[in-house]
Amino acid sequence: MSNSVLVFFVNGKKVTEVSPDPECTLLTFLREKLRLCGTKLGCAEGGCGACTVMVSRLDRRANKIRHLAVNACLTPVCSMHGCAVTTVEGIGSTKTRLHPVQERLAKAHGSQCGFCTPGIVMSMYALLRNAEQPSMRDLEVAFQGNLCRCTGYRPILEGYKTFTKEFACGMGEKCCKVSGKGCGTDAETDDKLFERSEFQPLDPSQEPIFPPELQLSDAFDSQSLIFSSDRVTWYRPTNLEELLQLKAKHPAAKLVVGNTEVGVEVKFKHFLYPHLINPTQVKELLEIKENQDGIYFGAAVSLMEIDALLRQRIEQLPESETRLFQCTVDMLHYFAGKQIRNVACLGGNIMTGSPISDMNPVLSAAGAQLEVASFVDGKLQKRSVHMGTGFFTGYRRNVIEAHEVLLGIHFRKTTPDQYIVAFKQARRRDDDIAIVNAAINVRFEEKSNIVAEISMAFGGMAPTTVLAPRTSQLMVGQEWSHQLVERVAESLCTELPLAASAPGGMIAYRRALVVSLFFKAYLAISLKLSKSGITSSDALPSEERSGAETFHTPVLKSAQLFERVCSDQPICDPIGRPKVHAAALKQATGEAIYTDDIPRMDGEVYLAFVLSTKPRAKITKLDASEALALDGVHQFFCYKDLTEHENEVGPVFHDEHVFAAGEVHCYGQIVGAIAADNKALAQRAARLVKVEYEELSPVIVTIEQAIEHKSYFPDYPRFVTKGNVEEALAQADHTFEGTCRMGGQEHFYLETHAALAVPRDSDELELFCSTQHPSEVQKLVAHVTALPAHRVVCRAKRLGGGFGGKESRGISVALPVALAAYRMGRPVRCMLDRDEDMLITGTRHPFLFKYKVGFTKEGLITACDIECYNNAGWSMDLSFSVLERAMFHFENCYRIPNVRVGGWVCKTNLPSNTAFRGFGGPQGMYAGEHIIRDVARIVGRDVVDVMRLNFYKTGDYTHYHQQLEHFPIERCLEDCLKQSRYDEKRQEIARFNRENRWRKRGMAVVPTKYGIAFGVMHLNQAGSLINIYGDGSVLLSHGGVEIGQGLNTKMIQCAARALGIPSELIHISETATDKVPNTSPTAASVGSDLNGMAVLDACEKLNKRLAPIKEALPGGTWKEWINKAYFDRVSLSATGFYAMPGIGYHPETNPNARTYSYYTNGVGVTVVEIDCLTGDHQVLSTDIVMDIGSSLNPAIDIGQIEGAFMQGYGLFTLEELMYSPQGMLYSRGPGMYKLPGFADIPGEFNVSLLTGAPNPRAVYSSKAVGEPPLFIGSSAFFAIKEAIAAAREDQGLSGDFPLEAPSTSARIRIACQDKFTELLEIPEPGSFTPWNIVP
């Protein structure tokens, strides 16, 4: 049969593709074939939602059009036949009309960098197409599959809450809509960041119609399809016989419905499946049949359809019949994200046979019956298969044979004496794979609590889902009681062992979870037995009952308070007003252009990297011949294409290489690069390059290993001292020695590193680069190409996030791309895939601190001797400066008269770690907060009282000899304690902890003091350029880069006030080295401080030139003045410059200067609740008070505070980097690396800006805001530690206990020692090789 023609619709337009590639995704097709670049590539594994589009199809079974949010990165374009695709461009634009979904997100300040915005817009749009007025729960579900690294999620939810049934203020009866006044406001403060009344209403009648051509005829559905390429053939049969014949002919063929598993295997494991079968038009696999015994679902029915029908039946049928249904929907809620559940099917989940499948334990415990069919000897054969013991025969294998097809699954109704419950524990609740899950199905003897039959299934404990038959048999005939729990716990520990080196790690935790999840099931079933009257109400102690519960996402409550602008401030003066991000509307419509959105150029090639697969080794052979033999592959680049000098690069020290030269120092180091016609071909060719190695030792991965081998960079350690530490420690009432440790953190900007290099005339090179430091890229590109800098221009219009990760590491991509473009004489492009980016570009520095502190019996700290170690990776990068800031911030807000702080930069065989928001400050302050809590614990005082006792006062000196001016930390503290109802909550928490054994709450107060300036003096400068045109419009250029932090918006505001004109007259096009030269990186939170003052400098020059004209025409307009100036030959272009004064401290050469220009302070109070049985936790509330001077833009600044808090929360609680003992990064995408999602924000999230605190040392009395709030996220960590301490007290354990950051569920559970953890035998460290280690 010849190739079929692919037909589908995109944004109402018919698309016909004659020879579609079965390996092509919908995302690739949209971006490269149709140039619809609003849909973004964020991860390629369906984990971030940046690629979300809406797919509409007519369900002819129900005669209903279904609108589904899907991940375009996983959706095969071949599966779109007969469908209608809607992208963000298709619902509205700034040139025509904004859709309310786009408008509300933008105007509610829900878009910062904007890279995730189109995906979030489309998730919401798809929801509204299915429910005109959704509930808040619908919103929660809709965004399970979307991530945002910038905003902290609050403003997105606030904007979209206006569409919901429950739309109302979170303050309930106290709402200002009821009382008539603002939430907590007074004459000085405001709380409205956006005006809801300005939103255009949603009018469903205006939505695009489903294409009539698809609706009127079933021709697209009834047609069997074949799409073939030279590697893969895609089949879409339309009846069961055709499907079974294909499977008989190609037994190894993969059946693809949602492509959520196969797509990941093909992309990341590089599997090649020559035959793919799409069975979505075979009615037998789509059937839903109901009878008195239960419901039968076809194997290809989507998980969302299953969920919806089961929820309906739960509402309609008696509870006793729907316990399996309820158990299923409970598990489905946490099964991936909605985009995945919309297309994934239960049959795929069963047949994939993942050992951590969420549904297989439920189906195995329930003994589900499966229907299977095959075509043998020309005949259709069917048989039934029982899911239970023996069904899974090995890793991803089961008893269903290769030529057979799973037709469907029976869900039986439960009986009155039957109970089935399931629990799942993951790193993060929403959209995460299980660490361990469990399902327990028990049937009791009639109207009793005597076990008649029980089946228990567990995931995450073996290569397959496993049952526990021996333990189950032990329970038969036994009374369901606490005595049974003890026996079961011991038996499960024996029956389900786990090797100390088992893949996945967390051995003790996983073994503890098996017992703990059973116990949660015991509690849940006991409560149901009690409720039904079978057991007495007091059979289960009241304090144990909450142990049966799981966390649920509450409806968000929030408040944002900021200083009201003066009533006499001109309306056109935007300073201090909550203005919308300048690019927010374009970001919400997909019109905003990022580096990889730039249209492909004639002759352009793609560059793909060959990466090291060894942590430390000599390269003995490098052979690209096989790769170069492929059609469309043009050239291979390696160290041989550069001189030794040209190949040596680095941001400060040239201790790195463009391409590894003779030796590799870590996994993921760039060895070479392949230039080819397109990305897929270049990456395939790169995998064909043969690299042979001679491995070297030792391989050093961890800080402890570096200390053991004395593997430090030259000139370290370094020390900073103040006073006499030895003497003070000797005289102290108390001394204490401690250690604390924290891991690294992946930046996870949604836009990965990208660069496009274009050769121009006269040996010029033009680079478009996702970098925070265009001048550094310019300088190093000139270095590797041996060009003068004036021949190289680097441009950065906007970045899809940066957080420091694009300050120095952008050279990893930009330099090879520039070299290839220069040598080949044609445009070259590269945008790293997420796994490449995470492997290559480094992370936040892990730190280890060892300290000895002396203090009085009242808790006044008198001395501290502290050692700081950071894990730099294999090259220096900026690690020396990160260490210095940690050493300068370790004391946080506390005055310590005698200090010795030493710092070591550890050299290891990891990718070079780099700048990350906070730049060592959060790590240093983390040590300081451990110290203050150690002191409080030892002297027996409340930690807040000890904080107050030790706080710096205005006029005090730090240990690096800077005097503190205008230091308002006490005011921040008192305001925050009041705002958070601290004293009242302490009592509530104490009461809760007394009443609950397996749930505990904790609360923590964390202050912060963050120094504002670059640590290297020469970087504290900025330039600007302002051009005024004849029509009065103003083009502003400055040296900062728009990363999403609102820098361009603030610069426009500054210029508008300085020039006295409306913001709408001012435009910023891009950051470019030919506009403003010799720029500093946009980092260190000083973007607004430096560039804002440079902008003012240029404005002042222009104002001076225009002053005589304004005097001559006092009643004139701006345009008239500019027109007059032009004809008077007055220059309407000016440059500005600013150098931060009074800084550059050095103890010998500049002892009277400051290290930092000033400090930004704040305080946060966070309350958490933990599940002591699983280690799960939930942030109940966070209150933050920040001193940011006179805010330039409260909406942007509060957005920065919330986003920084959530990033800090992730750093200290969720985000764990997983490395092999040899230094290979396991966590290379959102599947394993978990940053906070929508459901992780505090249930109550309040931010208040300190009023009446202008800062004289920055533009318009403002303060820096990007980095300072991040450390407040640690308040969740310290609150968790308080909650753990409460759990340990119930176990009779007192005193301190170790808890590393991040405080993952594993660490929380193991720290909550109890009768279950006591059953575990933990092997001694060193007696085995662990699966993973902490760097």
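Including glycine, each Cβ sits where the backbone N, Cα and C put it.
For reference, Swiss-Prot has these:
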- GLU1267: active site, proton acceptor (ACT_SITE)
- CYS43, CYS48, CYS51, CYS73: [2Fe-2S] cluster 1 binding site (BINDING)
- CYS113, CYS116, CYS148, CYS150: [2Fe-2S] cluster 2 binding site (BINDING)
- 255-262, PHE335, 345-349, ASP358, LEU406, LYS424: FAD binding site (BINDING)
- GLN772, PHE803, ARG917, ALA1084: Mo-molybdopterin binding site (BINDING)
- GLU807, ARG885, PHE919: substrate binding site (BINDING)
- 4-91: domain '2Fe-2S ferredoxin-type' (DOMAIN)
- 227-416: domain 'FAD-binding PCMH-type' (DOMAIN)
Validating a neighbour-count step here. Other CB atoms within 10 A of the CB of CYS113 ([2Fe-2S] cluster 2 binding site): how many?
30
Checking the contact step here: among the recorded positions GLY348, LEU406, ARG917, ALA1084, GLU1267, which have a Cα within 10 Å of the Cα of CYS51 ([2Fe-2S] cluster 1 binding site)?
none
When distances run from the Cα of LEU406 (FAD binding site) to each of the binding-site residues CYS48, CYS116, CYS150, GLN772, the nearest one:
CYS48
Can you tell which of the binding-site residues CYS48, CYS73, LEU255, GLY348, PHE803 lies nearest to PHE919 (substrate binding site) in space, using Cα positions?
PHE803
Helix, strand or coil at PHE919 (substrate binding site), per DSSP?
coil
How does the domain '2Fe-2S ferredoxin-type' (4-91) divide up by DSSP, counting helix, then strand, then coil residues?
15 helix, 31 strand, 42 coil
So if I draw a 10 Å sphere around the Cβ of GLU261 (FAD binding site), how many other Cβ atoms end up inside it?
21
May I ask which of the binding-site residues CYS150, ARG917, ALA1084 is closest to GLY348 (FAD binding site) if we compare their C-alpha atoms?
CYS150
Cβ neighbours of LEU255 (FAD binding site) where a neighbour is any other Cβ within 10 Å:
24
How many Å lie between the Cα of CYS113 ([2Fe-2S] cluster 2 binding site) and the Cα of GLN772 (Mo-molybdopterin binding site)?
13
Segment-level pLDDT (mean, integer) for the domain '2Fe-2S ferredoxin-type' (4-91):
97
Please report the three-state DSSP label of ARG885 (substrate binding site).
helix
Reported as an integer number of Å, what is the Cα distance between CYS116 ([2Fe-2S] cluster 2 binding site) and GLN772 (Mo-molybdopterin binding site)?
19
